[in-house]
Structure formats: structure tokens, C-alpha cells
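Trainee: Once you've had a glance at the structure underneath, I'll fire off some questions.
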Amino acid sequence: MESALLSILTLVIIAEFVIGNLSNGFXVLINCIDWVSKRQLSSVDKILTFLAISRIGLIWELLVSWFLGLHYLAIFVSGTGLRIMIFSWVVSNHFSLWLATILSIFYLLKIASFSSPAFLYLKWRVNQVILMILLGTLVFLFLNLIQINIHIKDWLDRCERNTIWNFSMSGLPTFSVPVKFTMTMFSLAPFTVALISFLLLIFSLRKHLQKMQLNYKGHREPRTKAHINALKIVISFLLLYASFFLCILISWISELYQNTLIHMFCQTIGVFYPSSHSFLLILGNPKLRQASLLVAAKVWAKR
């Protein structure tokens, strides 16, 4: 029964891998073509491009770690290979989370309307704010890598003291649990910032819609429709982001109690976030949405 469920989850992971690479790759391709043709790219398109690149890397890392964990191959990886694999996972996960958070801050500063002097100051300097936040996150990345490297070194030393590299499968959680715990702790900051940003954005959009409904009774202008669509995308993103964060927590707890099935199930749900959210970003971006419709029309015409 357990092997059948793992086979089903593996098929789901592969499907998410293909969908995630196609959707994120599409966004990178369209923005790069636009960048080459126009010699410039808007701030939001730059964020979307680098976000898509980081998620492609993250999806590949998640797929590799899935098959390594599924076939118990992680314990046979050399010390250098282990560091490369985990460091690349940490870096891709870091930029995936923080670029998504920066995107939420960008939307907040661009769309939301508050009368606070501090908010207006940040709103007028949105590009500088985004750049400073991105540079500031490198401090978190550096600290994260240092802490992860300590866990790797301790685990490798423990393996050497046991004189057998694959001393036991029960020893693997002694390495993976502290790594997952560290990743969870460093994910708290971007998750909290994104949550606050989107709650403020939702509050601002609702307030704006209420004002427009009073001024335009029985009439819905294009701007109102755009705000409603933005609100739907924001809520969807918030739910996906929350589910991804919860999966990290549950996965860490399941490994602590060595529950393989729950751990694999959480990994499957976790991959759904970087794979599916790109579709929401494509639908929410006029340029990407138009390009996707053109591609879909050409594919349909060839059929």
C-alpha cells in the first residue's frame, strides 16, 4: 500500500516538475525576448524573471532530493557532493521566497493607497527600496549557509567516527532534521513580511472598492475590474505561500518522527507552490497573459 502511494506521489512530482519548468521557462523566455528587443525591462518584469529562474532551480533541486530520498541514495553522496546539493537548494529556496516577498512589497507600494508619510516616502522610492531589501537578504543567505555548513560538518564527523559511511538509515534524520529546522527558521522572515504586505494590500483594495461602489453605483469601470482580479490573485498567492510554509513545518516534524509517507506527501504539496504560482503571475501580468494566449491560439490552430 505504501509503495503504491509513493509511486502515485512520484508521478505527481514529475507532473509538477514538467508544469513548473514550462510555466517558469515561458515567463523567462518572454521577458528575455522583450528585454533584447526593447533594450529595457520594467522593475516588475525583472523581479518576475529572476523569480522564475530561481524557481526553476528550486524545482530541479526538489526533484533530485525526492529521488535521492526515495531510493535512500543521500547517504552515499560524498561530503563535497552533499554540500553542493544542499547549498544549491538553500540558495534557490532563498531567492524563490525572498523574490516572491519582494514582489508582494512591490505590488503593495504600487497599488495600495495609504496616507501615512512613511508609506508615501517608500512609495516614491520603490525601486531603491526593492534594491535595498534584495541586498539586505544576502545577510540572511550568508547566515543560513554558515549554519547549514555547521550541520553538514557535524554529520560528516559523526559518520567518520562510526568508520562506516552509510552506518544506518536511522542516522539520516540526525542530519536532515536540523537542516529542515534551520530552513524553517530562515523562512519565517520572508513569510511574515509577505503576509503583512498582502494583508495590507487586501485591506487597501477592499477600501478602494468600497469607495468606488459608492461613487459608481450599478456601473463597473475597467479599473474596478482590474482591482478585483488583483485581489483574486493576491488571495490565491497568499494561500499557496501559506501552504508551502506549512509543508516545510510538517515535513520537518514528520522527519523528526521518521514518518516517510507524510514527509513525501508534504514534499509533493510543497512543489505545487513554485510550479503553480507562475500561472497566476502569468494571468496577472498583461504582457505574459497576451503572449500565453497567442501561443495557445497557435497551438490550437495547428491541431
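Glycine residues also receive a Cβ, built from the backbone N, Cα and C atoms like all the rest.
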Trainee: Would you say whether Swiss-Prot puts ASP154 on the same side of the membrane as ASN259?
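Mentor: Same domain label for ASP154 and ASN259.
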Trainee: Scan ASN21, ASN166 for the residue that Swiss-Prot records as N-linked glycosylation site.
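Mentor: Per Swiss-Prot, N-linked glycosylation site applies to ASN166.
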Trainee: At a threshold of under 8 Å on Cβ distances, which of 129-149, 233-253, 262-282 pairs most often with the transmembrane segment (185-205)?
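Mentor: The stretch I would name here is 233-253.
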Trainee: By Cβ distance under 8 Å, which residues at least 6 away from the ends of the transmembrane segment (233-253) in the same chain are close to it?
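Mentor: Tertiary neighbours of the transmembrane segment (233-253) are 100, 104, 107, 177, 180-181, 183-184, 187, 191, 194-195, 198, 201-202, 205, 262-263, 266-267, 269-270, 272-274, 276-277, 280-281, 283-284.
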